[in-house]
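Report on one structure; see the data block that follows.
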Amino acid sequence: MEFRFNCHPLFRQRIVRINNSLLPTGFVAQHRREALDATAQISEIINFVGQLSAQAQGLSNPVTTSQKLRNSDHHIYLMFESNQKHGLVVGILKVGRKSLYVFDQNGETVNVTAPCVLDFYVHESRQRGGLGRELFDHMLKEENIHPEEMAIDRPSEKLLGFLQKHYGLYKKIPQMNNFVVYEGFFANKHHASDIDGRRMHITASPNTNLFGPTFTTVGEQRRSSSQTRQQVVSPPVVQQPPVGRYAAKRPSCSMAQIIHNSPTTVSTEPNR
């Protein structure tokens, strides 16, 4: 994919990483105008390649745009080929962390903040040449992660075949959302500490038939169990006898005696 401007100054290396600043890694602007021009050019590249990726996947709207990237903590890897003209952008890979509700191997719902593959595209003229593997390997090295530890957002059949061919990923854990998770996902050292505290359970409440199931975390269940144990072992409350004027005997209530048909010692005639 060639552009109307020279891409060589933007790509100081073959694969660059871009965050919400819309400036590639290794790029140093000498003045403000140069930085603004660079962000405008990177935005044009991202929007164009993102549109091509959406068309290749049969999507009506692109997953990757410069505006979405600017308003998120995700980042994009762009692959570049140098030539005698303006250079070529040949691939894009978008990744980022997202909060997901997924099923583990036991079928329990778990809330994790997981690294995800959000978009992946190599131009048709450069496919089957090893560029996709090179781009994906570069991302794994930069993110310090293994492929099975990532959730894949709405992968195409071509991407699923790519992951199986190059990384041996084929054992999927069935999910109810658009993400694909492979065995080994929950061994991820990046979010394993979040899993135990966010493992979800369905309560067996009488209100389930009326309001639907209620999900509680392991932490909430532990606190509830702890409170129950404290209530069981708490000592009985001993009521202290009243003292002073509060210990004086109160007169009987004639109205209560009349209601309950009890004899009363109070005269029915008023004192005159």
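Any Cβ shown, glycine's included, is placed from N, Cα and C.
If you check Swiss-Prot, you get these features:
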- 1-186: domain 'N-acetyltransferase' (DOMAIN)
- 120-133, 156-165: acetyl-CoA binding site (BINDING)
- 216-244: region 'Disordered' (REGION)
- 224-244: compositional bias 'Low complexity' (COMPBIAS)
Intrachain C-beta neighbours of ARG126 (acetyl-CoA binding site), sequence separation six or more, cut-off 8 angstroms: GLU81, VAL90, GLY91
Per DSSP, three-state class assigned to HIS123 (acetyl-CoA binding site): coil
All-chain count of other Cβ atoms within 10 Å of GLY132 (acetyl-CoA binding site): 22
Three-class DSSP secondary structure - GLY129 (acetyl-CoA binding site): coil
Number of Cβ atoms other than its own within 10 Å, given for GLU157 (acetyl-CoA binding site): 7
